[in-house]
Amino acid sequence: MFTIITGAQFGDEGKGKIVDLLAKDYDIVARFQGGNNAGHTVRVGNEVYKLHLIPSGILLNARVLIGPGVVLNPEVLAKEIAMFEKHGIQVNAEKLGVDAKTSIIMPYHIEMDGLREESREKKIGTTKRGIGYAYIDKVARDEFRMAELVDQERFLARLEELAPQKEKEIATLGGDPKIVRDPALIERYLELGKQFATYITDVSREINKALDEGKHVMAEAAQGTHLDVIHGTQKFVTSSSTIAGSACANLGVGPTRVNNVIAIVKAYITRVGEGPLPTELTGELGERLQKAGGEFGTTTGRGRRCGWFDLPLLKKAIALNGYTEISLTKLDVLTGLNPIRICTGYTFKGENLDYPPELTADLAECMPVYEDLPGWETDLTEVKAFEELPENARNYVKRLEELMEVPINYISVGPGRAQTFKKE
């Protein structure tokens, strides 16, 4: 069985929590895109794990894989492995595999990313972690791959080949080109290469072999649908494809092998950084949602902008991903709000729309059309079953399900592993 999980909004939907919940039924969990510009927070008991590269399935018995569509900062990977080992969780080559073709984020990528963002008159909200520049080099065939990182001779030869051009690019951006051949940084990367040598694998072959043997494989996305580099709200997007089809392309698995595509959907909507958010709540109500939901980025710490549930954006996400089921998160955060609003469409230049316009600039001008539902006052964080929810909370979930026309199978009412239940 092959299952793909993606975020249906702008990221931060709670993918890590749901992956952690479901991973017990899977033999392999694989990350297929992005880098350490995304973050998952998983709570197990009193322990909190903040992950940026290693798939959330690491906390259970699954083998976890990092596919070749990821851009990997080896320093971040080393820190995550050390964090787990500090908690008594061994992350050896039997537990974690990294594809030999995975692109490496070099120190100069991070430098160039920061310089470019600072030079923009209008910021796009990059995390300045070198993600975009690593993807640029992948497309330009100027990348470093994991296979080169773990081979000192190849690594140094590749650096000599690429260094002159990278030094020129950094100088053009107003930076110090010495970072490209900094001896201390080179030595550190060679050390990291030795550390990761045993982790190298062929992710496509490993996943296809597992599927042939009847095993269960989960592909885990980072970010969210509307941050997709092609279909998202350009230019306020990430540098990779975040939708379900990307899992097949990046992991090297044929689309006919996909059995399920699960959407992770927040009961409201949030966005980090710049870009349109038609239902955005400003002032006291927006701050209340932000505080109640703990809406601060795992990666950047930036406060997330909050808004009411946006159905047109969800309709587009459903079309782009082909979802078979939905996991609804953070329902508890809406407690105490009355009414609770659902954006069912937009008005744009005198027209009524039930689907987002193609251009980002047009989406920014859309005004939401709302349907109001009565709220509830009961704390939901101890609820263990759908029938235990207050009537108005159940009605809200049912109405979302009706509007999205995709079944909601799981509901989350808190950050802990035990605070998610199946809707039956």
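Residue numbers in this text run from 1 along the chain shown.
Keep in mind that glycine also has a Cβ here, set from the backbone N, Cα and C atoms.
Residues or ranges marked as GTP binding site in Swiss-Prot: 11-17, 39-41, Arg304, 330-332, 412-414. Taken from Swiss-Prot, the feature IMP binding site applies to Asp12, Glu13, Gly14, Lys15, Asn37, Ala38, Gly39, His40, Thr127, Arg141, Gln223, Thr238, Arg302, supported by sequence analysis. What Swiss-Prot records for Asp12, Gly39 is Mg(2+) binding site. Here Swiss-Prot flags Asp12 as active site, proton acceptor. Among the features that Swiss-Prot reports, active site, proton donor is placed at His40. If you look up Swiss-Prot, you'll see Thr298, Thr299, Thr300, Gly301, Arg302, Gly303, Arg304 marked as substrate binding site, on the strength of sequence analysis.
Sequence-distant neighbours of Gly301 (substrate binding site) (same chain, 6+ residues apart, CB-CB distance under 8 A): none.
Put simply, Gly14 is the one of the binding-site residues Gly14, Lys17, Leu331 whose Cα lies nearest to the Cα of Asn37 (IMP binding site). Closest to Arg302 (IMP binding site) in space, going by CA atoms and restricting to the binding-site residues Gly11, Gly14, Val413, is Gly11. DSSP assigns Gly39 (IMP binding site) to coil, not to a helix or a strand. In the three-state DSSP scheme, Leu331 (GTP binding site) is classed as helix.
Note on proximity: of the recorded positions His40, Gln223, Gly303, Arg304, the one nearest Lys17 (GTP binding site) is His40, by Cα distance.
All protein chains shown were included, and the count of other CB atoms within 10 Å of the CB of Gly39 (IMP binding site) stands at 20. Each residue contributes its Cα atom, and for Arg304 (substrate binding site) and Val413 (GTP binding site) those atoms are 19 Å apart. Nearest to Val413 (GTP binding site) in space, judged by Cα atoms and limited to the recorded positions Gly39, His40, Gln223, Gly303, is His40. In this structure, Gly303 is the one among the binding-site residues Gly11, Gly14, Gly303 with the smallest number of other Cβ atoms inside 10 Å of its Cβ.
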